[in-house]
Amino acid sequence: SPTSSTTPSRQYVELPVDGLSSPVSSSVQSKPPYLYPELDVERHKENVTVTVRFRPLSPREIRQGEEIAWYADGDTIVRNEHNPSIAYAYDRVFGPTTTTRHVYDIAAQHVVGGAMEGINGTIFAYGVTSSGKTHTMHGDQRSPGIIPLAVKDAFGIIQETPTREFLLRVSYLEIYNEVVNDLLNPAGQNLRIREDAQGTFVEGVKEEVVLSPAHALSLIAAGEEHRHVGSTNFNLQSSRSHTIFTLTIESSPCGENCEGQAVTLSQLNLIDLAGSESSKAETTGLRRKEGSYINKSLLTLGTVISKLTEGKSAHVPFRDSKLTRLLQSSLSGNGRVSLICTLTPSSSNSEETHNTLKFAHRAKHIEIQAAKNKIIDEKSLIKKYQNEIRSLKEELEQLKRGIIPVPKTKDGDSDILLLKQKLEDGQVRLQSRLEQEEEAKAA
């Protein structure tokens, strides 16, 4: 419901950086059947973090004499220019001069930090076509978006946490016309969504272990080459699909006396939603079909969010679209969620902007719980690598001491050299990320 009226300021405001206080731990769904909530960690109830970001009027809108219909009144209120009594309050409102770095610091950093601590996290951008979603999530070389900033932040946290070992892997999916495709594997088309006791997951999705920000960002760039985009009346390069970039994070204590310690696992989902299509778009053929699927899935998302705010008795139609099925674990309260709604201030899109504001307002009332996750050691990829390295070290030490005989290869060379090589290869898997990080920074 709209907030009470206050005297409107008729201009966009530059926002201070210290406005939104959120706990620094979070994380989202995770599929693997070996994931369990950690029993001795208290679950913290909180609401979805909801922020809105205005883009400036475009050159075309200025040429056409468009006026501003909605504006930021301070750092938490959005107000209607023509009827200032219509106003909505959010955790933070970003004016059109706000940098994406600033948006990240306020709306996303606490989710990324939490994911690195073992709490699931989801960050997604929602808004109409050409409102700035992809600019916010991906950005460009001059102004990186939420996704590249999150990736770099994750590796920065690894460098600052010498007491833990981390293993990061990524996947990248798109939902196009209600079909789930793997952007990291062009052969992975029309993948099936499955469910088990731990939640929903995509069967057969490709995951890549990443050792540096540059490595992860190169995979995103490769995936973007396969994403469906197309021209509409409002955007020459409009995203025609929803994308979900998932960073899966395993970590365990390292150093002496850390054997047998629990491994934490979390997933950070970074989602760029396709823009809802206005009836003004005048699309035909394929574009109209795409717009129909996009609108249907976003309508279902809106229905799901409305039902979630009604309480436990309401039936929530997660199964009505692929998007809501994949978001089910996140929106059902497992981990932290940040919603960034992107807005155009122009009068020609006033109704669409109002619909986005109402969507964002409803989302504010969804209750979620943040709790750390741990996994059974045998199922952990990082434990598998650690055990392999430990075993190789022990075998190498025994060979050096002569405790076990040194077998010879067919060429007469000692197998100790092969063991050394295997040991080095294993250590590289877990320890080379820092060197690669430095190289990436230098480049």
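Backbone N, Cα and C atoms are what each Cβ position is placed from, and that goes for glycine too.
Quick look at what TrEMBL annotates:
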| type | residues | note |
| --- | --- | --- |
| REGION | 1-31 | region 'Disordered' |
| COMPBIAS | 1-10 | compositional bias 'Polar residues' |
| COMPBIAS | 21-31 | compositional bias 'Low complexity' |
| DOMAIN | 47-366 | domain 'Kinesin motor' |
| BINDING | GLY127, VAL128, THR129, SER130, SER131, GLY132, LYS133, THR134 | ATP binding site |
| COILED | 368-440 | coiled coil |
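Structure coloured by features recorded in TrEMBL.
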residue: GLY127; record: ATP binding site; contacts (Cβ under 8 Å, 6+ apart): LYS133, LEU273, GLY275, SER276, CYS341, THR342, LEU343, THR344, THR356
residue: SER131; record: ATP binding site; contacts (Cβ under 8 Å, 6+ apart): ARG55, GLY275, THR342, LEU343, THR344, ASN349, THR356
residue: GLY132; record: ATP binding site; contacts (Cβ under 8 Å, 6+ apart): ARG53, ARG55, THR342, LEU343, THR344
Count the other Cβ atoms sitting within 10 Å of the Cβ of VAL128 (ATP binding site), across every protein chain shown.
25
Including all protein chains shown, what's the count of other C-beta atoms within 10 A of the C-beta of SER130 (ATP binding site)?
24
Rank the binding-site residues THR129, THR134 by the number of other Cβ atoms within 10 Å of each Cβ, and give the residue at the low end.
THR129
Arithmetic mean of per-residue pLDDT over the domain 'Kinesin motor' (47-366):
89
State the three-class DSSP label for VAL128 (ATP binding site), counting H, G and I as helix, E and B as strand, and everything else as coil.
strand
